[in-house]
Structure formats: structure tokens, C-alpha cells
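Undergrad: Sequence annotations record features per position, and here TrEMBL assigns substrate binding site to 10, 11, 12, 13, 14, 15, 16, 17, 61. What TrEMBL records for 11 is active site, tele-phosphohistidine intermediate. According to TrEMBL, the feature active site, proton donor/acceptor maps to 85. The annotation region 'Disordered' is assigned in TrEMBL to 203-224.
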């Protein structure tokens with residue numbers, strides 16, 4: 001029977017995040033605020049959960065975020081491309097307004113829950129499936145005292161959570177997770193393998209998002 005805790009941790013802020021640009025699989029690095037967010041959140045994660053294993057996307061912004069935790073925890077990281085961000089094809093690097101101007105009909109359909117297929121984006125179900133596969137594989141050996149941290153991305157985490165809860169990939173009940181915040185899941189006891197329950201969402205070292213994006217001049221606190 002599986003046990004343990006799973007944290008799906010989003011990377012810190014990038015310049016694209018700050019500008020409202022869709023990143024997808026473009027390899028955009030953390031900005032100075034994002035580096036601070038990663039260090040601050042890593043301290044909170046270490047204090048509260050004492051992680052025992054770290055898995056990370058192969059994209060640089062996730063790697064830098066994972067490194068902040070690995071350095072403090074004294075752990076190695078396992079790189080797994082299956083937990084990278086969803087691809088948004090030709091839309092990557094653009095703001096919502098720019099996408100709406102160039103692809104008005106498809107953008108409207110996407111905003112209503114459709115897929116950006118014409119732009120070459122990755123299907124939600126594909127992202128959910130690879131996230132679930134990776135998480136369950138890395139979580140297979142967890143014991144009661146173990147905490148697996150998977151450092152990933154906003155869309156991938158939302159779709160991964162839906163998949164782990166056996167919800168359809170087009171379910172829109174989960175909003176985005178903030179930069180350097182995380183979702184917490186526990187293995188559901190006494191059930192079939194690879195069954196999870198969500199115990200926390202969009203958790204982080206601060207509950208003041210405006211301060212969180214202001215950078216290191218603001219003081220953060222450990223989550224309640």
C-alpha cells in the first residue's frame with residue numbers, strides 16, 4: 001500500500017510571468033524576484049514538510065527553483081521531462097491580448113475551455129497523462145514519513161492534480177497555482193494503487209500575493 005505526501009510545486013516568477021506572457025515550453029529563466037521566491041518557499045517547504053525526494057522538470061526555471069530546495073535540504077534532484085509545462089505552440093511568448101488579436105476565434109474557444117489545436121498546442125489530456133505517469137512512478141516507494149516534491153509549472157500542475165484525482169482533463173474547477181506555491185496531496189489509504197486525495201492547494205510562504213510579487217523587500221512567513 002502506498003503512503004506519503006506529494007507536493008506539486010510551481011517555479012518562481014519569470015519575466016514572462018511578470019509581463020503576462022504565455023511561456024509553455026519556452027525556456028525562460030527566473031527573474032530576481034523569482035529567485036527570491038524560490039529560496040523563500042524552499043525554506044518554508046523544508047521547515048514544514050522535510051522533503052525526502054525532489055523531481056523536477058527539465059526547463060531552467062523549474063531547475064533553478066528545485067536547486068534552491070535541494071541546496072537547503074541536502075538532496076539530489078531527479079530530472080524528468082514528463083513534468084515539464086504544457087506546450088502552447090505558436091502562442092508562446094504572447095500576451096492574452098496579442099493571442100486574441102491574431103487568433104480571435106480560437107482564443108475565444110480556448111477561454112471557454114477549448115483546445116488551442118490550430119496553434120500547435122499540446123492537448124490537456126496528454127499533459128495530464130504524462131504528469132500522472134511520472135508522479136505515480138516516482139511516488140511508488142514512498143513511506144508514511146516521506147515527502148515527494150515535484151517541481152513543475154502552472155498548467156501542468158493544474159492538469160496533473162485533475163488527473164491524480166481522476167477528474168477529466170477539461171475540468172475547470174481548479175484555478176492556477178501562484179509562483180513558488182504548491183498543491184499538497186496524500187496517498188489515499190485502503191484504496192486501489194495510485195489513488196490520491198487533495199489536502200491543500202495554492203499553499204505558500206505568504207498569503208499576500210501583492211507582497212509576494214514585490215520581491216525580497218517584503219517579509220514572508222511560513223504558511224499556517
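Backbone N, Cα and C atoms are what each Cβ position is placed from, and that goes for glycine too.
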Undergrad: Rounded to the nearest angstrom, how far is the Cα of the residue listed as 'active site, proton donor/acceptor' from the Cα of residue 12 (substrate binding site)?
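TA: So the Cα of the residue listed as 'active site, proton donor/acceptor' lies 14 Å away from that of residue 12 (substrate binding site).
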Undergrad: Mind giving me a neighbour count for residue 12 (substrate binding site)? Other Cβ atoms within 10 Å of its Cβ, every protein chain shown.
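TA: Result for residue 12 (substrate binding site): 28 other Cβ atoms within 10 Å.
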Undergrad: Long-range same-chain neighbours of residue 85 (active site, proton donor/acceptor), Cβ under 8 Å, sequence gap at least 6?
TA: 23, 24, 25, 57, 59, 152, 153, 154, 155, 156
Undergrad: For residue 85 (active site, proton donor/acceptor), name the DSSP secondary structure in the helix/strand/coil scheme.
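TA: Note: residue 85 (active site, proton donor/acceptor) is coil by DSSP, not helix or strand.
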Undergrad: Quick check on the binding-site residues: of 16, 61, whose CB has the lowest count of neighbouring CB atoms inside 10 Å?
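TA: Least crowded of the binding-site residues 16, 61, by Cβ count within 10 Å, is 16.
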Undergrad: Just to be sure I understand the packing, how many Cβ atoms besides its own are within 10 Å of the Cβ of the residue listed as 'active site, tele-phosphohistidine intermediate'?
TA: 32
